[in-house]
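Q: A single structure is presented below for examination.
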């Protein structure tokens, strides 16, 4: 018996990923604005200063980073346009990662806590560093005029694979951070909000992966 062929395109998972994106952003905003009372760059509002870290990392590094990964299959435009969106969104995600790290260092310094004492912090630094390296290498390989087409084609599978590994680094580290926070002294309602956010982040990462694997329409 001949093996069955499942002709599934990436489109349904692009749509699903966008719905998850809306849900993640909504939950994060409800969590941080309602339960955590918002954001502040001022050091005299320590808890609000901390809130900027999960907001920037989840929305910036993971959500926008995932959108950058899906850009080639989610945007109905010419390849050059999709390439430009891919580049700009990745740059935004990378800068968000840097800002997110800066904010948690600022929070810990103001709160008198030690830095880099947890696995979460180590993975965070590693993830953002790898993200930056991947961005620089990708820029010179695919945006720099002098790069050869044969070299680009050879590098492409590794560019995609390493990019997905870094993306999953970010997702796993977000899950660690949310899990640690959910074990602190917070209300049951807030704990459920944090846990559901973690589940949606996981679903988002799975959706992005399926979009990458499956063939696109454009």
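The backbone N, Cα and C atoms fix where each Cβ goes, glycine too.
According to TrEMBL, the record shows the following:
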type     : residues : note
DOMAIN   : 16-213   : domain 'Cytochrome b561'
TRANSMEM : 12-32    : transmembrane segment
TRANSMEM : 52-72    : transmembrane segment
TRANSMEM : 84-105   : transmembrane segment
TRANSMEM : 125-143  : transmembrane segment
TRANSMEM : 155-172  : transmembrane segment
TRANSMEM : 192-214  : transmembrane segment
Q: Cβ under 8 Å to the transmembrane segment (84-105), counting only same-chain residues 6 or more beyond its ends: which ones?
A: 49-50, 52-53, 56-57, 59-62, 64-65, 67-69, 71-72, 75, 77, 115, 121, 124-125, 127-128, 131-132, 135, 138-139, 143, 170
Q: Taking every residue in the domain 'Cytochrome b561' (16-213), what is their average pLDDT?
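A: Taking every residue of the domain 'Cytochrome b561' (16-213) together, the mean pLDDT is 94.
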